[in-house]
Amino acid sequence: MGFSFYLLLLFVDLALCSSWLQGQTLPHMTSDVNEVSGKSFDYIVVGGGTAGCPLAATLSEKFSVLLVERGSSPYGNPLVLETKNYGLSLLQTDEYTSVAQSFISNDGVPNLRGRVLGGSSAINGGFYSRASEDFVQKVGWDKEVVMGAYQWVESRIVFKPELTPWQYVAEFSFLEAGIFPYNGFSLEHIEGTKVGGSVFDEWGRRHTSADLLEAGNPNNITVLLNATVKNVIFREKGNRNETIARGIRFIKSDGNSSQTYNAYLNQPENSCSWGDVILAAGALGSPQILLLSGIGPQKHLKKFNIQLAADLKGVGKGMKDNPGIALLADSKPKNFTPEPPKVVGIADHFKIIIEAGILPISLNATVMPIAAKLAFPESEGKLELNSTDPRENPSVTFNYLAKEKDWARCVKLGQLLERVVRSESIAFFLGLERKNELMSTEDELRKLCKKNVRTFYHYHGGCSVGSVVDKDYRVYGVKGLRVVDGSTFLESPGTNPMATLLMLGRYQGIKILEDRN
């Protein structure tokens, strides 16, 4: 019965998707590796995720682009596109084909990464909030170009959400807990309680970064789906002592074959006009591909008999994940419709971020977590290879709460969570008696943090600017190779990084076009 119901959902969604896409032009998409194998392009973007799609769309305005995505298309998949199915795609994971790929860090914390065109923007809560002005200034971006890139994204896939009763309750409970001022609807990262943007529209349909491909030149983009990049191909050095990216080597994602295929960069006579291989495979994927390509710490690469291309010790270092804690508004599972968070509380001088949603734990049961994260953790870890198979998750350690400052902030986070969960607003909404127990002691909250630390799925690092890439996101010591995604971040910007990653793809595309001119 469940499978038949899924097929019915799929049929209805395909019909809706077909109607919705009329008059809009997506680029050519294929899962046939032979359509791409051996061909050349001006640019190759590895990873059709949150940053990769707007980057490919921008570059296609003037150049041919191959966009390689290890997952499938989101179009026609009701688990991805419908608000009412929010969170269900995270419950149905497998080794090779699911839109979300699960992994467990060496800290023992379960986690997920996107494996679908649109990347994490196709499986997350869809909350949209820009980075702070301080962040933009700190990383040295051009403010005017940044704002133009944000607006380019927002005009296409960002909406002002309508609040559900539960989101109104969340809003009131944050204010009861003292998260002031109330800022209403805002796309800016400002302290207090606010309603953010959403990639879900008024009809409850998700818009992902894949939709931004429509803004490019469809004649200049080829999207290869269900293909996993194994490594970057380098041109022989010849007489000059330099490493130059020439293309990529890839395999099918399905796990049935290890046959490799190649795609190349166009090589015009004037070498100054060559394009780039650009990794946009995410905070796990991009450092993994660099390591598999021989770019990273020589000692680690030697363990896997990988030929050294560039001894960059920063690859895989500085991995961070924002530690989070969640308390349930009601310990009893409900059968409410799942819903993503639309209201956020930004507290303690931007150090704590809190939200509330309704998450499925099965096809017919949901829970109502109030969850908060530390915005600026000091603890960091590392990423290393598990094997030379790019379809396997790398080994990653985040070292949650390893630094004493993170412990102290987690205690403050726990105190804030308790005030929200015990608010009159939540008690009234759920028909419960308001809890008047004593607040937990510092020792009890430390134990809560240690036992219940979880991810907010905002992990970043591994290819940091200044360590692995320069200010133009070029990999040190290698020509024609860049990284443009969350692996370059030293901290997670804004309420969550999605908005800034969408902007970054557009921003870096503009900068590359300007350089070519």
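FYI, residue positions are counted from 1 along the chain as it appears here.
From the backbone N, Cα and C atoms, a Cβ is placed for every residue, glycine too.
These figures come from a predicted structure and were not determined experimentally.
Sequence-distant neighbours of Val116 (FAD binding site) (same chain, 6+ residues apart, CB-CB distance under 8 A): Glu69, Gly71, Ser72, Ser73, Pro74, Asn77, Val80, Val99, Ala100, Ala122, Ile123. The FAD binding site annotation in TrEMBL covers Val116, Val229, Gly486.
Look at TrEMBL and you will find Cys410-Cys449 tagged as disulfide bond. Counting Cβ atoms from all protein chains shown, Cys449 (disulfide bond) has 22 others lying within 10 Å of its own Cβ.
The list of residues near the domain 'Glucose-methanol-choline oxidoreductase N-terminal' (114-137) in space but at least 6 beyond its ends in sequence, with Cβ under 8 angstroms from a Cβ of it, reads 29, 47-53, 69-74, 77, 80, 86, 89-90, 98-101, 143, 146, 150, 154, 158, 187-189, 196-200, 206, 208-211, 223, 225, 253, 282, 340-342, 344, 350, 355, 357, 457, 491, 493-496, 498-500, 502-503. The feature domain 'Glucose-methanol-choline oxidoreductase N-terminal' is assigned by TrEMBL to 114-137 (among others).
Here TrEMBL flags 282-296 (among others) as domain 'Glucose-methanol-choline oxidoreductase N-terminal'. Long-range contacts of the domain 'Glucose-methanol-choline oxidoreductase N-terminal' (282-296) within the same chain, counting only residues at least 6 positions beyond its ends with a Cβ under 8 Å from a Cβ of the stretch, are 46-47, 49, 70, 103, 113-114, 119-120, 229-232, 234, 306-313, 315-316, 319, 383-385, 388, 390, 393-394, 396, 459-463, 468, 475, 477-478, 483, 485-487, 489.
Feature annotation from TrEMBL assigns signal peptide to 1-17.
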**Cβ-Cβ distance under 8 Å to Cys410 (disulfide bond), same chain, at least six residues away** = Pro323, Ile325, Leu374, Leu401, Leu445, Arg446, Cys449, Val453
**Val229 (FAD binding site) CB neighbourhood, other CB atoms within 10 A** = 26
**Request:** Taking the residues Val116, Val229, Gly486, which the record names as binding FAD, find the longest CA to CA distance and state it in Å to the nearest whole number.
**Result:** 18
